[in-house]
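Taken verbatim from TrEMBL:
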{"type": "ACT_SITE", "residues": "C71", "note": "active site"}
{"type": "ACT_SITE", "residues": "C71", "note": "active site, proton donor"}
{"type": "ACT_SITE", "residues": "C210", "note": "active site, proton acceptor"}
{"type": "BINDING", "residues": "N11, N62, G72, N73, N150, N183, E201, R202, G211, T212", "note": "substrate binding site"}
Amino acid sequence: MRFTKMHGIGNDYIYIDCMESEPESPDTLAREISDRHTGVGGDGIVMICPSDKADFRMRIFNADGSEARMCGNASRCIAKYVIDQGLTDRTDLTLETLSGIRRLMARKGSDGKVESVTVDMGRPEVGVVDTEVALPDGSRHRLTAVSMGNPHGVIFTDDLSDAMVLGHGPELERHPMWPDRANIEFARTDAPDRITMRVWERGSGETMACGTGACATLVAAATNGLAGRKAEISLPGGRLTIEWLPESEGGHVMMTGPATEVFTGTYIRN
Ligand SMILES: N[C@H](CCC[C@H](N)C(=O)O)C(=O)O
């Protein structure tokens with residue numbers, strides 16, 4: 001099976017061109033091919049499919065095989081793939097996802113290939129704000145819930161250590177407050193327009209970056225009065241610019257960042 005390995009600031013997926021056909025059991029495939037020793041290695045798989053509602057359709061499966069409803073970093077990489085591969089001659093595209101249709105606006109570099117994409121991530125849904133959550137390990141955390149089509153719990157803390165992120169991420173991901181688990185962000189606001197964060201992703205563990213997570217974090221920070229409505233978000237894999245437009249302009253969240261192709265290959269599925 002042919003694949004393309006791409007990443008959005010280190011959030012790496014195995015991309016499969018499904019314009020003609022789709023692999024069987026994509027959940028099983030995601031678990032197998034994402035393994036960084038016995039597979040290709042990645043945070044999951046992304047299927048690029050035809051759509052009758054938009055230019056293309058995305059299906060994304062986390063490394064544990066769970067299907068997600070939206071993925072910010074993958075949206076940018078899909079824009080790069082379909083434009084660079086000549087599947088479209090436009091740079092302003094629509095993408096059907098389980099969370100609805102998203103608009104992708106791509107920009108090319110001097111080599112004529114896509115290097116940066118702005119995604120209209122839609123309207124956030126803010127849930128509980130600054131609520132305290134107790135974990136079985138006895139720790140207590142204050143978090144704000146934000147949906148970007150997929151669920152996020154954002155914790156503001158100066159402690160971005162492994163003990164915090166790796167120690168509490170798994171329990172928070174599976175806390176009973178989430179009907180279907182959640183992505184957990186740990187964020188430090190350095191200035192009204194600068195946030196540093198790490199993310200423990202539902203179904204993939206810590207990733208180098210999370211596009212929907214960066215959006216959820218900006219929305220949570222602005223909601224809690226910890227930042228403005230536009231900020232540069234620094235994640236372990238790189239930076240994203242996130243802007244939460246005012247209600248008078250629709251209240252959508254706009255995410256801008258790079259998309260990178262690493263290699264192509266053939267996966268031998270046992
Ligand atoms: N783990 C997420 C999907 C991937 C989101 C993330 N990689 C992004 O860039 O938005 C979930 O289960 O909702």
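Positions of Cβ are set from backbone N, Cα and C atoms, glycine also.
G72 (substrate binding site) is surrounded by 28 other CB atoms, counting those within 10 A of its CB over all protein chains shown. Cβ-based crowding with a 10 Å cutoff singles out N11 as the top-ranked of the binding-site residues N11, N150. Each of A68, M70, C71, V199, S204, T207, C210, G213 belongs to the same chain as N11, N62, G72, N73, N150, N183, E201, R202, G211, T212, is absent from that list, and has a C-beta within 8 angstroms of the C-beta centroid marking the substrate site. For the recorded site, C71 (active site), the DSSP three-state label reads coil. In this record, substrate is bound by N11, N62, G72, N73, N150, N183, E201, R202, G211, T212; the longest C-alpha to C-alpha distance in that set is 16 Å.
Of all the recorded positions given, namely N11, C71, N150, those whose Cα is no farther than the 10 Å limit from the Cα of C210 (active site, proton acceptor) are N11, C71. When other Cβ atoms within 10 Å of the Cβ of G211 (substrate binding site) are tallied across all protein chains shown, the result is 28. Comparing Cβ neighbour counts within 10 Å across the active-site residues C71, C210, the minimum falls on C71. Cα to Cα, C71 (active site) and N150 (substrate binding site) are separated by 8 Å.
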